[in-house]
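The next block holds one structure in the form of structure tokens; read it before the comments.
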């Protein structure tokens, strides 16, 4: 069995070696001729799976995408050809939610924003949006929820898009990319509604680049600057025209990155495991490989929050790396979260390395980033420990 797998899907050999021969490929350079005699094709979001690509797929039985989004897959064409399909819903929801909170804390520090008295609109309440909503609730941040496919309940109230963007201090997008249907998201934020945004609004996009009209956004920012109005605080992980983002927009961003919000090791590897289980089910073989057997220990696997002493050092106890540091009373969460991962690292790499080839290079060579769940925290403050546990950290 010949299994084609995108080069950026981790642990492919570990999961699939017992099923068939794994052949790696570059996501943007895959051609129809590569699919000759292929039985399984596993892609990420940069590969368009359509009639043209499938034209020489003479034995293809399964196509999977190790992503939540499916806008790059022509599912009707797959159905017509009798090819099974699966995505990986929810695989990187935690990764993206943690990325957004990381970026939010950077903006709060940079502009001295007290997020506890701000309203944050979540546009799109799928797996990522719901995960983020939970974390923001734990953090005590008020949210405006916007998803036209969901109905309000006593526990959750949903508002329309115009109300959300006009009343939110922070807006974050987590919609799929759609161009048809009753609620298309292509250019959801555009020249016609950008004027509704508040002054000093924080705008975050970690969904799909085309959800925001980048040209209109640049024009809006330029006009605000010319008129002396406060400008948008902007975080863009996704861009129109990837891998060639609108260069003129980059200097106006507070944080930039190369579509890596969902690129935690756990997020990517969970997608691999989900597809592996689906392939095994299709082939009627036992799924014996498990992700827990492959994930390494985090580089910093244990962190001690020391509230009182003036300690700032690394210790090794029983071969376990422990980072102990002083936490100011007003920022323990930010200190901890940015110790695990700081989005400013990716912003610096993006700005310093960006050229016509580096966008995909940054994705292919993305350094290991772990989720909060990989960290054990020794915290002697009961309320903070409960909050950290609810956010996903392991508490000793």
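Note that Cβ sites are derived from N, Cα and C of the backbone, with glycine treated the same way.
When 114, 147, 293, 342 are compared with the NAD(+) site residues 175, 206, 207, 208, 237, 262 in TrEMBL, the one appearing in that site is 147.
According to TrEMBL, the residue from 21, 67, 272 that belongs to the substrate site alongside 45, 263 is 67. When the Cα positions of 147, 175, 206, 207, 208, 237, 262 are compared pair by pair, the longest gap among these NAD(+)-binding residues is 21 Å.
For the binding-site residues listed here (67, 175, 207), the lowest count of other CB atoms within 10 A around the CB belongs to 67. The Cβ of residue 147 (NAD(+) binding site) lies under 8 Å from the Cβ of 123, 124, 125, 126, 129, 158, each of which sits 6+ residues away along the same chain. As a whole-number mean, the pLDDT of the domain 'D-isomer specific 2-hydroxyacid dehydrogenase catalytic' (5-284) in this prediction is 97. Counting every protein chain shown, 24 other Cβ atoms lie within 10 Å of the Cβ of residue 263 (substrate binding site).
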